[in-house]
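A.B. asks: Below, the features straight out of TrEMBL:
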- Lys69, Lys93, Ser361: substrate binding site (BINDING)
- Lys105: active site, proton donor (ACT_SITE)
- Asp147: site 'Important for catalysis' (SITE)
- Thr193, Asn232: NAD(+) binding site (BINDING)
- 413-440: coiled coil (COILED)
Amino acid sequence: MSETYSFSQNVNDIFVASAKLMNISQDVIDQIKFCNSVIQVKFPVRLNGSLDVFTGWRAVHSEHRLPVKGGIRYALEVNQDEVEALSALMSYKCAIVDVPFGGAKGGLCIDPSRYNDQQLEKITRAFTREMTKRSFISPAENVPAPDMGTNARTMAWIADEYRSLRPQDINALGCVTGKPVEQGGIRGRTEATGRGVFFGLEELLNQDEFIKPFGIKPGIKGKTVVIQGFGNVGYHSAKFLEEAGAKIIGIAERDGFILRESGFNVEEIHKQFLKTRSVRDIPDVDYYQDSKKGLEHPCDILIPAALEGQITEENAPRIKAKLIAEAANGPVSTAGDKILNEKGILVLPDVYLNAGGVTVSYFEWIKNLSHIRFGRMDRKLEDMRGKRVLQLFEKLLDKPIPSEIAQKFNFGADELEVINSGLEDTMKNALNEIIQLKASRDMPDLRTAAYALAAKKIARYYEIMSL
Ligand SMILES: NC(=O)C1=CN([C@@H]2O[C@H](COP(=O)(O)OP(=O)(O)OC[C@H]3O[C@@H](n4cnc5c(N)ncnc54)[C@H](OP(=O)(O)O)[C@@H]3O)[C@@H](O)[C@H]2O)C=CC1
Ligand SMILES: O=C(O)CCC(=O)C(=O)O
């Protein structure tokens with residue numbers, strides 16, 4: 001990454017350029033683009049007898065809708081510029097997929113692998129107290145979720161701590177999403193971002209005319225895929241793509257790049273990886289110590305699913321993938337993006353593609369506020385209704401409907417089916433909106449069109465308010 005790289009500047013630049021293409025006034029652009037507020041907290045935690053001081057941030061980008069929403073990241077690289085950029089991405093992402101939230105993001109400067117679970121719990125609870133005290137966590141105003149270095153368990157600690165601080169808040173469980181199902185979470189959230197990446201790619205690869213100029217053939221089957229980052233998002237993206245017939249040939253992790261041109265068995269490799277969180281000693285693969293070289297390996301689809309700023313003007317000229325699917329936030333810098341576009345590489349942008357996580361977080365938040373699981377009240381009723389319709393058909397036809405056909409009438413969906421269908425619908429509709437806007441305004445690329453769509457939707461809110 002170049003020394004002058006500013007993630008938030010990158011996000012602002014592309015937002016401003018895209019908003020201008022929609023003829024949005026400079027006043028409204030300025031109102032939207034800046035981060036509304038950001039807190040930095042420094043707090044001590046006693047671990048093994050000594051006091052360690054931790055630094056964390058939570059940035060709120062736009063409160064045009066409340067609550068504001070966005071993950072909490074635990075990583076040593078976390079800094080204020082990063083959380084501000086990520087919070088802006090959250091505002092735009094939510095607008096694109098019509099999730100009625102503003103944008104936020106948090107981060108704690110910590111290497112989570114250096115602490116055991118008990119220590120992480122203590123640190124997380126202390127961080128939660130700091131943010132709750134300042135109203136940077138609440139079901140009505142500011143709702144975190146998992147991101148790099150955090151997971152469902154971290155969210156359970158946050159929810160529990162918040163509940164003990166605000167026992168009178170009947171909606172306390174909605175103060176955070178991405179919780180374990182047993183603690184008020186929703187089925188399908190853990191894998192939602194990866195599943196959303198899959199739905200986005202599936203929809204894109206169905207658009208024969210759109211992808212043809214990039215030399216990309218329709219369909220997922222047989223496509224070769226390289227993934228950077230084998231955590232939550234990378235693993236689930238790989239898994240769903242493999243299930244649909246893609247060949248995952250390369251995985252770039254923190255400590256190296258593994259390659260098998262004939263394709264991995266994702267589940268098997270993931271099991272091995274989890275033993276040490278390393279790709280170094282995985283058998284029967286080619287191993288390269290220089291992880292970043294993995295991004296340059298020839299493939300149909302390259303999926304950066306780790307950090308921002310991974311493809312810049314430095315390595316973009318050497319990228320050989322036909323399609324880059326940005327599962328991570330901000331993996332391609334503005335300068336890198338320009339080079340990819342000039343090379344004719346299609347980029348499916350983060351601000352749309354990884355929105356599956358927040359979409360299902362929205363469903364979880366609704367579940368927490370309504371205090372009932374999706375399907376609990378009407379599943380049986382729907383099932384009975386469906387069966388009656390089938391019986392009626394059988395009566396009219398005077399013969400039984402073959403069981404393989406009857407089974408396809410999946411009446412009475414359970415929570416996971418409801419969530420996954422809502423996610424699929426959201427991801428596919430949003431991509432079509434982006435593609436249509438790109439065509440109608442002759443926009444240069446999907447990223448510009450996605451930001452323009454977000455700008456249009458958020459600007460509408462401000463314009464109505466000042467009528
Ligand atoms: N979780 C979610 O729901 C969402 C996540 N995202 C974005 O997706 C990306 C990944 O998040 P998530 O999967 O949740 O995070 P995880 O922490 O689960 O996984 C990230 C993985 O990337 C690895 N990694 C870190 N640095 C590098 C590097 N330089 N090169 C290769 N691999 C690296 C990590 O290794 P190690 O553990 O050693 O650090 C880890 O295995 C982030 O950009 C995040 O903002 C976007 C939307 C939602
Ligand atoms: O699920 C959420 O609320 C936020 C997910 C997130 O942090 C992201 O999309 O970058």
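Glycine too: its Cβ is placed from the backbone N, Cα and C atoms.
A TrEMBL annotation is a machine prediction, not a hand-curated record.
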A.B. asks: Starting from the Cβ centroid of Lys69, Lys93, Ser361, the recorded substrate site, name every other residue in that chain with its Cβ within 8 Å, sequence order please.
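C.D. replies: Output for this site, in sequence order: Gly70, Met90, Cys94, Val99, Phe101, Gly103, Ala145, Ala355, Gly357, Val358, Thr359, Tyr362.
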A.B. asks: Please go through the binding-site residues Thr193, Asn232, Ser361 one by one and keep those whose C-beta falls under 6 A from any atom of ligand 2; give the result in sequence order.
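C.D. replies: Near ligand 2, sequence order: Ser361.
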A.B. asks: Anything from the recorded positions Lys69, Lys93, Asp147 with its Cβ under 6 A from ligand 1? List those in sequence order.
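C.D. replies: Result: Asp147.
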A.B. asks: Other Cβ atoms within 10 Å is the metric here; tell me which of the recorded positions Lys69, Lys93, Lys105 scores highest.
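C.D. replies: Of Lys69, Lys93, Lys105, the one with the most crowded Cβ is Lys105.
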A.B. asks: Check the coiled coil (413-440) for me and report the mean pLDDT.
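C.D. replies: That stretch averages a pLDDT of 96.
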A.B. asks: Taking each of the binding-site residues Thr193, Asn232, Ser361 in turn and counting other Cβ atoms within 10 Å of its Cβ, which one has the fewest?
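C.D. replies: The binding-site residues Thr193, Asn232, Ser361 were compared, and Asn232 has the fewest Cβ atoms within 10 Å.
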A.B. asks: Filter the recorded positions Lys69, Lys93, Lys105, Asn232, Ser361 down to those whose C-alpha lies within 10 angstroms of the C-alpha of Asp147 (site 'Important for catalysis'); answer none if the list is empty.
C.D. replies: Lys105, Asn232
A.B. asks: Inside 10 Å of the Cβ of Asp147 (site 'Important for catalysis'), count up the other Cβ atoms and send me the figure.
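C.D. replies: Step by step: centre on the Cβ of Asp147 (site 'Important for catalysis'), count other Cβ atoms within 10 Å, giving 25.
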A.B. asks: Which of the recorded positions Lys69, Lys93, Lys105, Ser361 has its Cα nearest to the Cα of Thr193 (NAD(+) binding site)?
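C.D. replies: Closest recorded candidate to Thr193 (NAD(+) binding site) by Cα: Ser361.
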A.B. asks: Which whole-number value in Å describes the distance between the Cα atoms of Lys69 (substrate binding site) and Lys105 (active site, proton donor)?
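C.D. replies: Between the alpha carbons of Lys69 (substrate binding site) and Lys105 (active site, proton donor) there are 7 Å.
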A.B. asks: Hey, how far is Ser361 (substrate binding site) from Lys105 (active site, proton donor), Cα to Cα, in Å?
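C.D. replies: Distance between the two Cα atoms comes out at 14 Å.
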A.B. asks: Between the two most separated Cα atoms in Lys69, Lys93, Ser361, the residues recorded as binding substrate, what distance in Å do you get?
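C.D. replies: Farthest Cα pair among residues binding substrate: 13 Å.
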A.B. asks: Could you give the Cα-Cα distance between the residue listed as 'active site, proton donor' and Lys93 (substrate binding site), in whole Å?
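C.D. replies: It is 12 Å, counting Cα to Cα.
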A.B. asks: In whole Å, how far is Asn232 (NAD(+) binding site) from Lys93 (substrate binding site) when you measure between their Cα atoms?
C.D. replies: 19
